[in-house]
Amino acid sequence: MDERRATMAKQSYRVCWCFRRRFKMRAAEAPREVKELFERYDSGGKGVMSVEDLQRFMTEVQGVETESQSRDEAQAAMDALKHLNIFHRKGLSLDAFFRFLFFADVNPPLDPSLSVHQDMTAPLSHYFIYTGHNSYLTGNQISSDCSDAPIIKALHDGVRVIELDIWPNSKKDNVDVLHGRTLTTPVELIKCLRSIKENAFVASSYPLVITLEDHLTPDLQAKVAEMISKTFGDMLFCPETESFEEFPSPESLKGRIIISTKPPKEYSETKMVNEGSSGKVMDSHDVEAWGKEVSDIKAKLDASDQHNDLDAEDHQDEDGLDETDHISQQNAAPEYKRLIAIHALKPKGKLKEALKPIPDIDKVRRLSMSEQALEKLIKNHGTEIVRFTQRNLLRVYPKGMRVDSSNYNPLIGWMHGAQMVAFNMQGYGRSLWLMHGMFRANGGCGYVKKPDILLKVGPNNEVFDPRAILPVKKILKVRVYMGDGWYTDFKHTYFDVYSPPDFYVRVGIAGVPIDSVMKKTKIIEDDWKPLWDQEFQFPLTVPELALLRIEVHEYDISGKDDFGGQTCLPVSELRTGIRAVPLYSYKAENYESVRLLMRFDFV
């Protein structure tokens, strides 16, 4: 430790063969407020905080509600720091207290002991569900490989809806998974199914939905039915009835695999993309390391459009097949039909008509639409979508132009009650960080209970209006104290060849339009351990849907700032008080050491 500190005391950067710039490396020091809190809770006044002192701090500053919990957390902090030489046998010194607060393993912003805690006995339609799109692709939508590897990764990350596009193989005697009419290389369906079985419940015991994009003849449908039945066995959920008056609950379906698909359709011969054409697609992170800023929902809501009532003819399914390519249910393999637990609705006429109850039929259903279709529909029919999603499932998928596997702003779906906001999990960028933030809630089980505001019906049969301006419910106060860890996790010339980095923090809210905002700290120049000590306030009208966005950047005079870490946290589960916030790469991979010291309070 002492040798490491000695080597960090000074740092030099070579400017040319005859000249070096030298910079002093200061040790991480507790911010002013941390020092003041230590003095306040050091009851003996001797520079040592006892377990009892730390317990009071836990209750009064960290917001721990019960006496037993504050006592347990105080003792756990003491135990965790005993291995440090700075630990005093009677308690914590200022340095140890600071180390405890800045130790992400024992003082994270989300409670690590908080597993699944929401009510899981409501119908599936009452939950946001962690949903993947084209889950088998390793990269872009045009020329990347198809594999079971991204499926396995998604399942380990907690994703609960896997999408497979199934096509006849080249000999038309078996079934492959691939993105049709592209240069993507296929993977055998049976390989994907076996990997799903082995990894389905590694991260979550709650139901896994497999959505099939079906391009098969009836004989191959029968073959798929046999594959699925033999592979999953008793794990497979096969309902006794073809449709539900109400969807079953996640709790009742624990450990089960559910098949969902559009009505089986006729396989039509299609020409693949000309193999002579270029399959090169620029990945989003080649343009900018952390992707574009998420789209402004308010602009989409306010934009005028004379063609808001989207026709079903304009809303083709993802595979591009229109109504003439669909065959009747009678022509589908019966054993295949029996496996489909959640049927998707094929809209006819105006898409808005699909949102209305079907006369004399009280059955729930699933509807899919592209992000573009949703953006058009919400301009005049936002409350109808909310009402539809109170009982039925709505799946939203990326528009076809996202060949680079980028994503859209998921809040546009969530604020209208859409349960399955389907994302390209193999992509990168800010939109995907929001998805990660949402599903860090509820123990990371892949199901997050929709807030009551999206489920309740008022006395005049009114539902939540996403365009309405509501009163502020609470204000989130965020103080950004300092950061550390970049010197350990990055090469020392990664950010700047000639000097230490110039860091700043962007912090803000992703939520309903009026709540969404981003702010930034000042830039701290030439410092690996920047101290900002700045506070920001965020009024929240719908805190239940709010996500706290945190990004660190390194200022570059050229205008293209470097990326220094990010995270996204559900506001509803933020722990108040001073917390160590670990940061992730733009690919959402954990940094070993990079973290921020922050404080969160609600007023």
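Heads up, the Cβ atoms here are built off N, Cα and C, so glycines get one too.
What TrEMBL annotates here:
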COMPBIAS  311-322  compositional bias 'Acidic residues'
DOMAIN    29-64  domain 'EF-hand'
DOMAIN    368-454  domain 'PI-PLC Y-box'
DOMAIN    449-585  domain 'C2'
REGION    305-324  region 'Disordered'
Residues in the domain 'C2' (449-585) grouped by DSSP into helix, strand and remaining coil: 14 helix, 60 strand, 63 coil
Number of helical, extended and coil residues in the domain 'EF-hand' (29-64), per DSSP: 20 helix, 1 strand, 15 coil
PLDDT averaged over the residues of the domain 'PI-PLC Y-box' (368-454): 96
